[in-house]
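The block underneath contains the structure these notes are about, expressed in structure tokens.
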Amino acid sequence: MICILILFAVTAASPVYQRCFQDGAIVKQNPSKEAVTEVCLKDDVSMIKTEARYIKNATGVFSNNVAIRKWLVSDWHDCRPKKITGGHINVIEVGDDLSLHTESYVCSADCTIGVDKETAQVRLQTDTTNHFEIAGTIVKSGWFKSTTYITLDQTCEHLKVSCGPKSIQFHACFNQHMSCVRFLHRTILPGSIANSICQNIEIIILVTLTLLIFILLSVLSKTYICYLLMPVFIPIAYAYGIIYNKSCKKCKLCGLVYHPFTECGTHCVCGARYDTSDRMKLHRASGLCPGYKSLRAARVMCKSKGPASILSVITAILILTFVTPINSMVVGESKEVFELEQLPDDMLDMALRINFYYFVCIMNYAVTWGLIIIGLLIGLLFKKYQHRFSNLYAMYCEECDMYHDRSGLKRNGDFTNKCRQCTCGQYEDATGLMTHRKTYNCLVRYKAKWVMNFLIAYMLLTLIKDSAIVVQAAGTDFTTCLETENINWNCTGPFLNLGNCQKQQKKEPYANIATQLKGLQAISVLDMPMIASIPEDIAGALRYIEEKETFHVQLTAEYAMLSRYCDYYAQFSDNSGYSQTTWRVYLRSHDFDACILYPNQHFCRCVKRGDKCSSSNGDFANEMKNYYSGKQNKFDKDLNLALMALHHAFRGTSSAYIATMLSKKSNDDLIAYTNKIKEKFPGNALLKAIVDYIAYMKSLSEMSSFKYDEFWDDLLYKSAPTKAPSLSRGSEPSYNFKLVVSSRSIKSCKNVKSVVCLSPRSGVSYDSIIACGDPNGPSVYRKPSDGVFQSNADQSTYCLADSHCLEDFEVVSQEELDAIKKSKCWEAEYPDVKLSKLTDGVKSCRMKDSGNCNVAANRWPIIQCENDKFYYSELQKDYDKTQDIGHFCLSPGCSTVRFPINPKHISNCNWQVSRSSIAKIDVHNIEDIDQYRKAITQKLQTSLSLFKYAKTKNLPHIKPIYKYITIEGTETAEGIESAYIESEIPALAGTSIGFKITSKEGKHLLDVIGYVKSASCSSIYTKLYTTGPTSGINTKHDELCTGPCPAKINHQTGWLTFAKERTSSWGCEEFGCLAISDGCVFGSCQDIIRDELTVYRKETDEVTDVELCLTFSDKTYCTNLNPITPIITDLFEVQFKTVETYSLPRIVAIQNHEIKIGQVNDLGVYSKGCGNVQKVNGTVYGNGVPKFDYLCHLASRKEVIVRKCFDNDYQACKFLQSPASYRLEEDSGTVTVIDYKKILGTIKMKAILGDVKYKTFADNVDMTAEGSCTGCINCFENIHCELTLHTTIEASCPIVSTCTVFHDRILVTPNEHKYALKVVCTEKPGNTLTIRICNTKVEASLALVDAKPILELAPVDQTAYIREKDERCKTWMCRVRDEGLQVILEPFKNLFGSYIGIFYTFIISIIALLIIIYIVLPICFKLRDTLRKHEDAYKREMKIR
């Protein structure tokens, strides 16, 4: 018994087992009919579990649902957490119904964020417990106290660092690629050795590859496979054989090539072997030796290690010259695929024009070659028959055997008046001692004359040929037609002069067309609204034109339409074209009565089938001669059909002119006009047939009784209006618009009236303005699109946008004012007035948010109500006791009615709802060099601020490659006035180019550096939802002992329901339930997700932004440009020449400050894949079929286990891609996605230089100079210098320094004294830096920073040093050239110190001596022997003579 008691005591003393965790505190209880399932979850600070404890009373069985939390970070409250959107501390909260959901928090305790650039570590410091998160290319988070460091190891880190309430995003890059360092850090090598190896990895690769190739060739030389290299060595051996036989001195003893340091050999170069040198010499001298055997030498080279070693070095160099380093290739980088639709618009336009240009080029090419061939044939004929060609200018006289000039020649029988005198100038000798002989000189000047005339004719033919390409006919000028009062035939559309036709005009909106016409002074500014309202489609534009009732208005609208579609009537020159579709279809769908009877008549066949059009005129008088006789109705119908076809072909003024001629019965003028059209378009066969048919119909007698269609009366012009349509004829205008003004900063308007004016150019009604104020001196403003609002304070005053009069009325330009003063104007009642009513205002509302906002120019307290309207409220804590809870008074005691404020007036609000803000890198531009020195010498290595010297801030990291460019402008006696340079530069971030500006004579004037500081394509994205993996399932369930499941199961928003019937059975039922195969278990569930991925959707179109900078020695300036608007300033003229268009993805996902793209569900779409569970405004949505099970307990309720609720395919999100070229800027609720690695096009730049009087520059300049430099050695920023130069003359000065200077030549003027230079030094030059300017030596003081930063910080949209270095040096051999050779020579430099020059001289002398002995001396001796042979041969020849 005692044992039993002891066992019972021990059992009672042991702790009761609890699931998930022991202990914990109850945070919430909720007795309910529905029970929750057991859930155990962990967040960043605690663990939490829920369980159901059943209780029973008189009313039934209930569940006491309990939530228990156990803290893992017990002191996390010390950091003063606060709930915030986008926080980095995930905490699971318990709802009133014990449903679990995740919320985000941040700590309020202050935290200092810094970056140590020398150790590449992020430094975080705080005074209490705090939490940090680093997201981006690396992801780390945790709790800390005091100070912690996080090491960066990626080559370029794009990070968002969050600590406490602070968040900052920045871009940081190392000075070398870190993939090699990270790899070697995993081995036993120390960090310093790993860094040294990676810094010289290129030369290590070169040496290793050379050795591998050499070993491979050495192994192959042991086999016959080595002879595969024969094609490589045969040309070398053959070339060596030629040099051996012809260029080298021979040994006197053996006859082989001169060998001063070795004995005579036994093997000849031909392969023969001799025991003695005498036999060898006899073999060589007797001519028995066939010469150097190249094939034998090539075989020896294939087996030899010497050629193998040389070949291995050459092969390694060639391989590494064309291979990109592995380090500069980003793993997983997306490759660009260019689609045709993404090509620039100008390239598409070029594709449309290429066929025409190709035809012109072919014709020009054929004619040019034809002229060349003809010229060559004539040249050959001239060479063979010169005398016959020369006979045009001179004749041969057989009597005196001389040539005589034909000019002034007279014949006397067989003699002439020029006998005894030749064209060469020789006279016949009277004594007969000397006889004249015909020579080449007799006709040489006539041959030259003929050739000169031929060349002149040839050049004239070439000029005529090239000029014929650009010949263009002229039409009637538009401005001339506007001056005519009535319409004329030459002022209709087909005959208007449209100038040069460019097809890109079709893409211009009519607003731009109006601006162009206004710039050409073709229209008035009052005509522009009418032109801008022309419909964009052609059919709508033609209808719009025909609706105009006066000649000048219709002509103006038609001219604008033809200016856009400038080839509209040019299409009529042929038998097809987009502008001919309507009238040709109209003819095909209508039949002439005559053609029904005579379908084979040529005219009918032309109209219906398009054939026999050329002969349609010939049989009008044959088959159709008597058809219309006595048939006036058929005559009228057919002629109206032909005229209607002309109407569909020539709309607008042409149709109006035809209607005018018909109404006047001016048949002759009508026929004359149609003939003009036929002459204008002679190649249009169908149009010619219609015109001829109309002319034939006019010749018939029925024409006198012709009744044209009533349709033509609608096309007749009406008289131009002299009063506004809204005014009666008897009323007179009361406003004096001759004194009209348009005052600025007017927020209220009294006596508002609408104004109608007639354009002085076209007479069109202009009603885009309103008038305010006194009728004797009214003010006019642009008519508002939303009307005007009556002020709530003054009923006679009107405002814009709302009733508070916060917005200025838009003023009218001075150009429009001048036009209004010259025009006829009337006032009218303004109809769009919104009256102020008391019911529009409220005294209180349910507040949605509150804060202080910028309203116009003021800072007002604003309340946003539940109806999303904004109101002024000086009190934001006064409840309205007459309303429901949550209503706040807008005024003290709800005494004043407040009216809504237009949202566009509200900006920059500080709402009370917590919203996170993310800071960026601060860039400070310092103008003074001394202040810059102080800023960088304070060792603020942990600061997240960048300090830039203002005068050199726009220079690249690496000195650019220079190109020579000639200065342009107006040349004068002193130099160039209005000088400028033009160039092109790719729109790629980090691209730089140097310009060495020269005069037209080639004189170097100055250096300028162009730098694309940033180039990006970006879009703004708004948040849709968050998603993540399922960490648990919220469940509510109940059960019925008997009966079916409920038809409708109550559930909360976003919850899914489940049910299962026949769950009651023996041993599986609650206490008191006696049922078998009956009852039901039912409930609802919802996933608890951990917020890991946020999905955003694109809200704005892609914005292309490029910042281009030019830097001189004394100034620097930048401009931002986009592909749409060219930039024209006093310093710059910049525009995109070509534009590459890119499209950013519509939906992106953000995880840990990293962009992911791919197949992601949109908001409200729950298809299989990433994002099919969505958390929106704290509610989780999804779909699926819940899977659940239950455990039976004897006489107790069932334990429900929900195994799956939503279909969550979050695993698919892991397959999303992370584009390497995308960068991210986060903001409250939105993100900006930036693509910064694309070439956005080509920028055409024109830099204005002003007057450059280089011809007056002095060669010897007397100046006083001093300088100050500061910076660092082998770092990112290098050294910046400020020079103070004083001189009295202008000069172009070269700059020479022991270090690399970015500008090699500067322009010095008396008016400018401060000049800035950027210098790169690889070694410390001393306490001063020597710079020579125009032979003036400047010892600039030098203050160097000892810090050696290995990490560079940069704003998100700018490039870093490592990327510019990769772009400049893309191959391994380039890296070897920049670093490897220096590394090879570095040990010798350290060994010899200052005597390195003597060592280099000694080595070079030895190499030169060896070259002289083995190469130069044999060649010289061979040359000496050759000269001696020639001397001996000369002496032998002299003896023979």
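Keep in mind that glycine also has a Cβ here, set from the backbone N, Cα and C atoms.
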Which range is it, out of 222-242, 453-473, that shows up in Swiss-Prot as transmembrane segment? 453-473
As Swiss-Prot has it, transmembrane segment corresponds, among 306-326, 684-704, to residues 306-326
Per the topological domain annotation in Swiss-Prot, are CYS400 and ILE1419 located on the same side of the membrane? yes
How many Å separate the Cα atoms of ASN490 (N-linked glycosylation site) and ASN57 (N-linked glycosylation site)? 105
Per 10 Å Cβ neighbour count, which of the glycosylation sites ASN57, ASN490 ranks highest? ASN490
Measuring Cα to Cα, how many Å separate ASN57 (N-linked glycosylation site) from ASN1177 (N-linked glycosylation site)? 39
Hey, does DSSP put ASN1177 (N-linked glycosylation site) in a helix, a strand, or just coil? coil
What is the three-state DSSP composition of the topological domain 'Cytoplasmic' (222-305), stated as helix, strand and coil residue counts? 44 helix, 4 strand, 36 coil
